[in-house]
């Protein structure tokens, strides 16, 4: 299954290289890329999923404040990959961004581990029977937050850049779709391992040992990634692709009064790559942008200025405008994960977590049900559901089909969470737990599993669907940026969920520090209603959208299937 045969430039055009260079890329690189992903994902899952519990227990941070801090960290971790993608596309390349970011991540986790290991770096323990606990000093908070920030920046620079360098190893869209699916399976399976083994070690053995284990697996992942350097297909960055987009905007404004011709020869068709393409008219959508490619005189094509763009530059800009509504609909859909994963931890801390006389479920490990559901369903979808779909419809499912199903399952998961919380609160009231803060509600923690499994199923559908859609629909110079777009969507989702929850805390009594005295079910129900309205918006956007690259890829893969 060799997807590569040539080293390519950033515009995607092949160049004739020696035999040794042409052997780079393909599935031979997957073990090294997967090794880096596994190490990074286990590490971040180990320290991040238990961050709320660590802040509450060791730094005495209030519960809702801890969840808000976690959401801000997660949002930053999701938005920063865009910066890493721009650096990879424009200046450093994917390989350099990944190893530099890995080192930053390792440094950050070391700082967090030191706060757990050294007494002067964390708050003093609470006095037995005391209602208040010592507040950490500014220096202690500074060291903790510095470690969290560095670890977050590091993982932001690796995860989706790894996706980009992996996809760059393949030439055809079919191999890229398979890669993204296995990328997601590897990602979620690794996070399950971190959220179970390492989180359990942190809570039941030692926070220090757990954090240093995160450091170790991150280092191993970096070593595995670096050892595969000679096998990778390296795409050299050729300056910022965003200058090309800005070029279109400037040229459109400057030449807004130029009349548009109906002849293809009157538009500038110079290609950035060495291959010539058939001359054609610019598309009619967003017609005002065609001014940027219109030539006033023959001399225009000989002058390299900001007054004139090629038709291809204009069409690339149009593709971004077309996909933006779909991208925006993903923000509210992705709020399900931060809302469910953080508030479920607060619910877990109030429930019966005992699995035996000496063992109980760590609150930070509840997210493992989301991750496990995602990993298992990704495999089932890829191996059984989609082949059945293709056999029945005679065509492959499109990315928008996956995203639409993700909307439905996320919305359902939020509704189920509201029903389960109503039962939990009713039991708390029946057994007078409200009058005894810190008491355990007589309800087994596994009641929370259905909502988590549904959200995991939604992730299995929409996550690979969004990554595939953005990677295949974005212009070629923006491939690393495209792979990171799902991260940006998730980042805005975390910020949106944080903002909405903060607003709910200000204007309602639904989210006090003790959720037994609140109405958490109303919060879940509110998000479910928002998800439903957003689903209708997505359906409208999907109905209006026309694929630019995916249809061609699907058609080719379907033709290959019929020939075989």
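Cβ coordinates come from backbone N, Cα and C, glycine included.
Per TrEMBL, the feature transmembrane segment maps to 26-48, 95-118, 143-167, 179-201, 207-226, 323-346, 366-388, 400-420, 440-461, 482-501, 521-540.
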Task: Top Cβ-contact partner of the transmembrane segment (179-201) among 143-167, 207-226, 366-388, 440-461 (pairs under 8 Å) - done: 366-388
TODO: Determine whether the transmembrane segment (95-118) and the transmembrane segment (207-226) share at least three Cβ pairs under 8 Å, counting only pairs 6 or more apart in sequence.
DONE: yes
TODO: Take a look at 143-167, 323-346, 366-388 and tell me which one has the most Cβ pairs under 8 Å to the transmembrane segment (26-48).
DONE: 143-167
Task: Outside the transmembrane segment (440-461), six or more residues from its ends: residues with CB under 8 Å to it - done: 184, 188, 336-337, 340, 344, 347-348, 350-353, 361, 366-367, 369-375, 377-378, 381, 402-403, 405-410, 412-414, 416-417, 420, 423-424, 427-428, 431, 433, 516
Task: Top Cβ-contact partner of the transmembrane segment (366-388) among 143-167, 323-346, 400-420, 482-501, 521-540 (pairs under 8 Å) - done: 323-346
Task: Cβ pairs under 8 Å between the transmembrane segment (400-420) and the transmembrane segment (521-540), at least three - done: yes
Task: Remote residues contacting the transmembrane segment (323-346) - C-beta distance under 8 A, at least 6 residues beyond either end - done: 52-53, 63-64, 67, 70-71, 74-75, 363-364, 366-367, 370, 400, 403, 406-407, 410-411, 413-414, 417, 448, 451-452, 455, 458-459, 462, 466, 469-470, 473-474, 485-486, 489-490, 492-494, 496-498, 500-501, 515, 520, 523-524, 527, 530-531, 534-535, 537-538, 541-542, 544-545
Task: Remote residues contacting the transmembrane segment (482-501) - C-beta distance under 8 A, at least 6 residues beyond either end - done: 64, 67-68, 71-72, 74-82, 84-85, 156, 159-161, 163-164, 167, 327, 330-335, 337-339, 463, 466-467, 470-471, 473-474, 511, 523, 527
Task: Residue numbers, six or more beyond the limits of the transmembrane segment (143-167), whose CB comes under 8 Å of its CB atoms - done: 29-30, 33, 36-37, 40-41, 43-44, 47-48, 51, 59, 73, 76-81, 83-85, 88, 94-95, 97-98, 100-112, 114-115, 121-122, 136, 176, 179-180, 183, 187, 232, 467, 471, 479-480, 482-484, 486-487
